[in-house]
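Enquirer: Structure in structure tokens, see below.
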Amino acid sequence: MAVDLLLGLQWGDEGKGKIVDVLTQDYDIIARFQGGPNAGHTLEFDGIKHVLHTIPSGIFHKGAMNIVGNGVVIDPVIFQKELDNLKQFNLDIKSILLISRKAHLILPTHRLLDAASETAKGKAKIGSTLKGIGPTYMDKTGRNGMRVGDLEFSDWKEKYRILADKHEAMIGFYNVDIQYDLPELEAEFFKAVEALKELTFIDSEEYLFKAQKEGKKILAEGAQGSLLDIDFGTYPFVTSSNTTAAGACTGLGVAPNQIGDVKGIFKAYTTRVGSGPFPTELFDADGETMGRVGNEFGATTGRARRCGWLDLVALKYAVQINGVTELMMMKGDVLSGFKKLKVCTSYNYKGETITHLPYNIEAENLTPIYKEMEGWNEDLTKMTSEDQFPKALNEYILFLEKELEVPIKIVSVGPDRTQTIHR
Ligand code: GDP
Ligand code: IMO
Ligand code: MG
């Protein structure tokens, strides 16, 4: 059985958590393949709002197995807090959540290094979530990292000490003022590691291979979005992993020819949190309205998200890179009440009109060119089928499908599980 993928196509926060939760009823296994606690995936059902960071978004469904894959980076301290938040749901976590031995560990000093690096960058900072993501992936590719599987060996604390001491020396090189109490952070870390060790560690690539052979349905859950991809995103203002389809192969050990549907999620407009170029960003009342109505505040850091019109050039690029086979449009309800909507269909790049994403999309080189479309006034949040959609919304959807050459299979009209319309 092929492995389906679910990926964010913009700068993250497209609504992946919600949709994975909605789709889990059709799957046996939900597997996260990259990122870590920089992610914040929100789920809403039965009047409860829940934010997950490292734990896959299938966790609330009876019968679904949840896997944290080898491509994920885990902070035991944050993981512990996530588990504590789940206690109220009486889930048998040990039997529904499995962790890859090859997943890397975020140490307290990785977080400190993240802070030191960002402080040293000053104005050029990435706007990182400061969860230690970059430094942990650097240790992974530098072949210095600690993995979950190391915790099963008696010498793990020695390995830890060597790495943490090295990090402390590195923090010194940054020559910035970072205040921290390492013994306190370490006490918290060691405690959380003991709790993590209570969970089930597996060789996840082997587990998934067998599951595929047995005909189990697997959905790989991405974190962040394609424009934050380390290779294809708006570098250097990106995260440190491959958020695109290929990342699911390396982050889970699934062969490329085993990938089935590639489900791409996008918001009906665009948001971005942190630094970096954003061609369609709005600095006016429209942007303010999107942020307010869409409640655009980061699920992990609480920071206000920057808002702007939909950028079809960037979206097309993401569709291509990922080989998207079906689309999901989120938060259409937030656009209700706009008299006119704008969609960026090309860029003026150094005086030339282009329809692809160029190497550099900083504002000094590029201005977006828009198509204006009719808005709609109707409240979408209580709609239950496509037949109820206002004409202007249907036109918006049909225009996007034509431009992107991929069907929009789901239109989300609110944060709740039930506010999901299948087309
Ligand atoms: P993720 O990181 O991709 O999982 O997305 P986040 O959870 O960070 O951000 C998406 C936000 O939008 C969350 O607060 C969701 O509850 C909310 N949301 C998801 N879909 C919709 C929708 O269709 N309409 C509205 N109004 N909110 C939505
Ligand atoms: P989900 O999975 C939105 C952004 C940060 C910063 C850059 C690098 O919820 O969509 P990092 O902490 O990785 O060093 O930050 O990437 N970023 C996200 N933005 N959603 C996310 O995850 C993000 N994870 C990281 O704001 O600009
Ligand atoms: Mg998020």
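Our numbering is plain: 1 for the first residue shown, then up by one each step along the chain.
Each Cβ is built from the backbone N, Cα and C atoms, and glycine gets one as well.
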Enquirer: Which one, Arg292, Arg303, is listed by TrEMBL in the same IMP site as Asp13, Glu14, Gly15, Lys16, Asn38, Ala39, Gly40, His41, Thr129, Arg143, Gln224, Thr239?
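Expert: For IMP, TrEMBL names Asp13, Glu14, Gly15, Lys16, Asn38, Ala39, Gly40, His41, Thr129, Arg143, Gln224, Thr239; of Arg292, Arg303, the listed one is Arg303.
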Enquirer: Given His41 (active site, proton donor) and Ala299 (substrate binding site), what distance in Å do their CA atoms have, once rounded to a whole number?
Expert: 7
Enquirer: Whole-number Å distance between the CA of Thr300 (substrate binding site) and the CA of Gly40 (IMP binding site)?
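Expert: The Cα atom of Thr300 (substrate binding site) is 5 Å away from the Cα atom of Gly40 (IMP binding site).
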Enquirer: Quick test of your reading of the structure: among the recorded positions Asp13, Lys140, Ala304, Arg305, whose CB sits under 6 A from ligand 3?
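Expert: Asp13, by Cβ distance under 6 Å.
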Enquirer: Relative to the Cα of Lys140 (active site), which of the binding-site residues Gln224, Ala299, Gly302 has the closest Cα?
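Expert: The smallest Cα gap between Lys140 (active site) and any of the binding-site residues is with Gln224.
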Enquirer: Select the closest residue to Gly302 (substrate binding site) from the following binding-site residues, measuring between CA atoms: Lys18, Thr42, Gly332.
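Expert: Of the binding-site residues Lys18, Thr42, Gly332, Thr42 has its Cα closest to that of Gly302 (substrate binding site).
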Enquirer: Check each residue in the chain of Thr301 (substrate binding site) that is at least six apart in sequence and keep those whose C-beta is under 8 Å from its C-beta; list them in sequence order.
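Expert: Expected: Gly40, Thr129, Leu130, Val273.
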Enquirer: Would you kindly give the Cα-Cα distance separating Val413 (GTP binding site) and Asp13 (IMP binding site), rounded to the nearest Å?
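Expert: Here the two Cα atoms lie 15 Å apart.
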